[in-house]
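Taken from Swiss-Prot as is:
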ACT_SITE  ASP166  active site, charge relay system
ACT_SITE  HIS207  active site, charge relay system
ACT_SITE  SER383  active site, charge relay system
DISULFID  CYS224-CYS375  disulfide bond
DISULFID  CYS316-CYS346  disulfide bond
DISULFID  CYS467-CYS493  disulfide bond
DOMAIN    460-596  domain 'P/Homo B'
CARBOHYD  ASN374  N-linked glycosylation site
CARBOHYD  ASN513  N-linked glycosylation site
CARBOHYD  ASN523  N-linked glycosylation site
SIGNAL    1-24  signal peptide
Amino acid sequence: MEGGCGSQWKAAGLLFCVMVFASAERPVFTNHFLVELHKDGEEEARQVAAEHGFGVRKLPFAEGLYHFYHNGLAKAKRRRSLHHKRQLERDPRIKMALQQEGFDRKKRGYRDINEIDINMNDPLFTKQWYLFNTGQADGTPGLDLNVAEAWELGYTGKGVTIGIMDDGIDYLHPDLAYNYNSDASYDFSSNDPYPYPRYTDDWFNSHGTRCAGEVSAAASNNICGVGVAYNSKVAGIRMLDQPFMTDIIEASSISHMPQLIDIYSASWGPTDNGKTVDGPRELTLQAMADGVNKGRGGKGSIYVWASGDGGSYDDCNCDGYASSMWTISINSAINDGRTALYDESCSSTLASTFSNGRKRNPEAGVATTDLYGNCTLRHSGTSAAAPEAAGVFALALEANVDLTWRDMQHLTVLTSKRNQLHDEVHQWRRNGVGLEFNHLFGYGVLDAGAMVKMAKDWKTVPERFHCVGGSVQNPEKIPPTGKLVLTLQTNACEGKENFVRYLEHVQAVITVNATRRGDLNINMTSPMGTKSILLSRRPRDDDSKVGFDKWPFMTTHTWGEDARGTWTLELGFVGSAPQKGLLKEWTLMLHGTQSAPYIDQVVRDYQSKLAMSKKQELEEELDEAVERSLQSILRKN
């Protein structure tokens, strides 16, 4: 079972980890309340809510917890509604009533690079270079998602539903209507089953409709373009369009219809301003954990997240959604393989797809559906990248409905390719087991053809275990110049039930303060020599009070490695002015399997990463068997 990390929070009999946030800003209170009843039951909850003038929804991921909302209250204000809170607390049937605080969540659609209106009279399929790159808009031929191979094999996303968690979907759009799944859709901003975008003169709420078209736009209907998984179904989950986000709305959206929705696509997150450190709150963490444990009949909901649009001034490891083990974080490249100007780099990004963010050529953007039956060529940002990945994953799920959420991450690592991607800052490197990765692009660009072929024969990976590899609790000063270097020796819980031999995710849970948080640089090196940049410089972050409080920095760069040995943590400052800092805690969290995940997989391509990894696993198994035999002989003698 998956749990969180950080401080613990108990609800509905389950123990979860909570990311701790602190802010100097005054809180904003919303018209949403988290309510727990002494006697559980939806009829009881409806009666209690009605008596107090509230609407009500049951939270699907927790027993006895309900979402009460009051349309007569202001959606956002600086003071608590003490009258309504006390009214609820005085009711003997109510055990707890907590008014929800509001916080910012931003869509990850980069500003338009070119505002020229494009004539949309003709279908846009030939302009969808991310599907078939023949060199359109001065792109690099062949640099695409390789969907052609998947389609030729007969995989188009049939039987798979993707939920777009966003500002709504124009489900009346002729290119989306046929594939729209109304049963799996809901509007959490207005509390009704019709997630249609709210009208604005500037079409601000076109974000979700554009993302939906990338995934599920119908094929061969002479309208706009074609979705990556054009026979998949798309569900609209409207949840972004209100003055402030709340934990209860995020949690409800992430846990909506987990037996109907297979993949959740999120192109939003905390503000990408280069100085925010934020992530999911208690209820949302619980909903995510519930999703990967129970969604899709126990195979786990698949959460796809845009890595962020903060550019070189930000680091996506400061985003608790993109850096979560339970999400697949996706970055973007432009059509010639270069990085987009808005791309954030971090060690938690798993792979990349495509968007625009450098070129002014009007056809270099992502072609997709737009509001009110229109089409656009101007979709961009990592907002465009995440839905493309969701579409590729839908093709893989059609090829093998038994894939778990972890299987999808393994397939992503094994089938993504460097192709012709080019990062001007970070070199491509190989980790301790030979897997090639990049600090910005992850393990490379998704390859739909390779993924569906491997998915067809895929055997579910072994059980996952969690090990606290060790902890440094003594405060250590970070010098103004040079680095603080700490080491941890771990056996990865060998000899115990939770022994982790083959790594998936690694977290460094860190508490640290600095006179200027943005100048802090943190690196961690594994026993097999793989260096992960956990935190890079963020020049706009001038925080000197909050720091990081039990923040789980995550890396995927040590995937497949042996965790046993010495881990090294390096902390220092990068900047023109001298700074001071204090590391209060470093806890090493190891997540992975005891048995080799690829040793029983079918290899079709003997040049593939799977073939290389399986060969290495077989050699390691043989070496360990020989070692055990020698030790047995020595003991007998």
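Cβ coordinates are placed from backbone N, Cα and C, and glycine is handled just like the others.
Here the structure is a predicted model, which means the values were calculated and not measured.
Other C-beta atoms found within 10 angstroms of the C-beta of CYS346 (disulfide bond) number 29, with every protein chain shown included.
Nearest by CA distance to ASN523 (N-linked glycosylation site), out of the recorded positions ASP166, CYS316, CYS346, CYS375, ASN513, is CYS346. Between the CA atoms of CYS224 (disulfide bond) and CYS316 (disulfide bond) there is a gap of 33 Å. Confidence for the domain 'P/Homo B' (460-596), expressed as mean pLDDT, is 98. Here CYS375 (disulfide bond) is compared against the active-site residues ASP166, HIS207, SER383, and the shortest C-alpha distance is to HIS207.
Within the set of recorded positions (ASN374, SER383, ASN513, ASN523), the lowest number of other Cβ atoms found within 10 Å of a Cβ is recorded at ASN374.
Annotation for CYS316 (disulfide bond): same-chain Cβ neighbours under 8 Å, separated by at least 6 residues, are SER307, GLY308, GLY310, ALA322, SER323, SER329, ASN331, GLU344, SER345, CYS346, SER348, THR349. The number of other CB atoms found within 10 A of the CB of CYS224 (disulfide bond), across every protein chain shown, is 27.
Taking SER383 (active site, charge relay system) as the reference point, the recorded positions whose C-alpha atoms are within 10 Å of its C-alpha, out of HIS207, ASN374, CYS467, CYS493, ASN513, are HIS207.
Taking the C-alpha atom of ASN513 (N-linked glycosylation site) as reference, the shortest distance to any of the recorded positions ASP166, HIS207, ASN374, CYS467, CYS493 belongs to CYS467.
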